[in-house]
Amino acid sequence: MSTRRVYFFGETPENQPANSELCRKVLGGKGISLAAMIKLGMPVPLGFTITCQTCVEYQKTASWPKGLKEEVASNLKLLEEKMGKTFGDNTNPLLVSVRSGAAVSMPGMMDTILNLGLNDESVKGLAAVTGNARFAYDSYRRFMQMFGDVCLGIDHDKFEHALDAVKTRYGRKTDPELTADELEEVCEAYRKICVAATGKTFPQCPHEQLELAINAVFKSWTNPRAQAYRTLNKLDHNMGTAVNVQSMVFGNTGDDSGTGVGFTRCPKTGEKFSYLYGEFLQNAQGEDVVAGIRTPVNLKEMPTINASWKACYDELSLIYAKLEGYYNDMVDLEFTVENGKLWMLQARAGKRTGFAMVRIAIDMCKEGMLTEEEALLRIDANKINEFLFKRFDPSVKPVVLGKGIPASPGAAVGVICFCPMRTCELAEQGKKVILTRIETSPEDILGMDRAVGILTARGGQTSHAAVVARGMGKCCVAGADCCQINYATKTLVIGDRKFKEGDFISINGTTGEIYNGAVQTIEPGITDDLQTIMDWSDKYRVLKIRTNADTPHDAAVARKFGAEGIGLCRTEHMFFAADRIMAMREMILSDDEGARRTALNKLLPFQREDFIGIFKAMDGKGVNIRLLDPPLHEFLPHTRDLQKKLAEDMNKKHRHIHERVEDLHEVNPMLGFRGVRLGIVYPEISEMQVRAILEAACIVSREGVTVKPEIMIPVLFSENEMEIMHALVNRVAASVFKEHGTTVDYEVGTMIELPRACVMADKIAQTAQYFSFGTNDLTQTTFGISRDDAGKFIPKYIDRGIFKVDPFVTLDQQGVGALMKMAIEGGRSTRTDMKIGICGEQTDPASILFLHKIGLNYVSCSPYRVPVARVAAAIAAIKARTNQ
């Protein structure tokens, strides 16, 4: 049986519901939305969809698979019959759009072509049959520009410059002011551009145009911006895009025509208004709205234009309600009005901010559309981070330079940069950047990702900048027409103020205001809506959530966000403070044990005070403290000048310091003299740390604070190491408890971060009371990859399909995960109730689902990621219980 590659709108694979997962994989997001709207009885221009799998086949051979040409031809013939027009006819031509449509929405990342089928002769026929020459030549020049850019590879700016030249010649400020004759001049200029760039005339055969356009959409699946978007959003590079060939309807035939984009609820806040939310442009085509080249009008103004527009508004109101009821979600829709008749072009679950996501989930639950569990499954856990962004200090009164459209909420402070690639460079240097553009385009995606905020002079709520910024959770102010941006001089002028690249500004994505300089921000808190989601999450999750915290402040912040303990307290971070680094260096540079103990006695009070603060902050929650992990050379200066300064401060010879640094240097420190190896060779270091932990525990215990210290031994690979360190801890504990006249409960466990430790887990568990996985080092040692050097090749590995995602971001379930399962089974075969957690930074939802399934007790993350982990753990529990 041959594989079917083309479906006419309304048809679905195996007659499945249009919103089924099978249909999404075959027809793509746009394809299933068109099929669904037809089945719902909505006005949709007819057409057909070429499947996502066909794109995958095309990528392998760069040619159409056998049978595709015949399927396209038969569906094109059916379209001609239903529309009563002929493709390629010069008197009344059937014109089509060719659009991409992947299974997962990738707004603006791939290519679109409108008005395909026009040529030098059929444009005259279109003018005659419509009686509107201006419309015909406007459609032709749009088609030539899109086709030239997408299919012929001609720089988009060349067409824009030619258009601007004609507008300047005739004194026209906007595109709609151009007459039919003037637009015909634009078309002639475009013909010359095509000949100059390709050596050939602009393609005149509509069937050739269609084949080239379909190929271009297939190829756009692998363009750099699309690949970057998929990598940023962890999307499968192998799913391919569908191609939708759809009969054209025109929003540029006059003032009773137009095009628009709407949302059934506000994509910024989630609010459901009494009026329709969205934007539209009269006498325009669809790309005009999302491109942000013209600033559109609010949809609620539509019924005030005239009776025809009011009728469209009323029909659109019914469609809003029907679509939201069908999707049970906030819907993003696109439409065109042609000579007063409404046509629907697309509907899909809309991109939204984290604030809107939470508000919509809660409201739909209140409205009876969703259960709590269903509402939680609509939450993207990573977008919870947006609630934790800083906001501007209300006590500060900044200088307001101007105002644009508040396109994506938040507060962003950074230096101005006009170039997306330069933004990436500055971000690499640690600078916070406001990407400042006339308007953004899909090519800007990497710069937008690295910027802290986005400012555009053109565009509206539904422009590319706004949609992508909301999807990324970036602060964005769009359509700030007070901004004059000059890329050549790298300047931004607002009123009488002139700014150059590198100057600081601040933007408020909630109000749309632009402020002078760097405005002070304050820390966020838990809102009522977020608290509701947290309460729901805590009701359904099984995994406990701990935090990584090295200071009392970090511990207090994590408790505020709901942390149920500390999963990793890194003691080495405490030694880098200015008031203790010298004592640490004295200890390292000591020539014998006695001198080392003297230096360690100086460090003991510092460590004890740190632990007192942390124990008080956690008040009864478990605190997992890792003994010294990094090699000693990391605490010493590496340059000659700094070594000389240290020698002077310690009253030692420079040569002595330099030789000691050289002695401690390691060829491969990750696998060298670190962790448990330090504790066994220099037991006095571990003894000091254990004493500090347990003395602090005794002190706070006497003050009435419940304390649960957990002492973790890092980087071990054998039960022998565990036995030696367990005995050391018990020996120090006995001494401390005798001195303080009291005891506290404590546990001794280990960090599982080497493959051999996973294999030997049953034996290690004979002494270790708990395990905590260190997934960073376990990933490094399993793959044989240094995390610090992986950036040189992991992106290429992802491009080539060797990795689907970065294994240091999303846990490798097949390799590292298999070792973890082995360790869990081994550990619990010895201790059936063994507590097992993870102390690497793990809030990736896919990783948390896996960790839930293999039976971990807790995960741990940075303080500000605790709410994210709480939600991800709840989603994991719901999915596991419902086999999703």
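Keep in mind that glycine also has a Cβ here, set from the backbone N, Cα and C atoms.
According to Swiss-Prot, the residue from R497, R626, R640, R691 that belongs to the substrate site alongside R570, E753, G774, T775, N776, D777 is R626. Sorting each residue of the region 'Linker 1' (352-408) by its DSSP state yields 27 helix, 10 strand, 20 coil.
A separation of roughly 7 Å, to the nearest angstrom, links the Cα atoms of T775 (substrate binding site) and C839 (active site, proton donor). In terms of local Cβ density within 10 Å, E753 ranks first among the binding-site residues E753, D777.
Taking the Cα atom of each, G774 (substrate binding site) and H464 (active site, tele-phosphohistidine intermediate) are about 40 angstrom apart. For the substrate site, whose binding residues are given in the record as R570, R626, E753, G774, T775, N776, D777, the maximum C-alpha distance rounds to 15 Å. The 10 Å shell around the Cβ of H464 (active site, tele-phosphohistidine intermediate) contains 23 further Cβ atoms across the protein chains shown. DSSP classifies G774 (substrate binding site) as coil under the three-state reduction.
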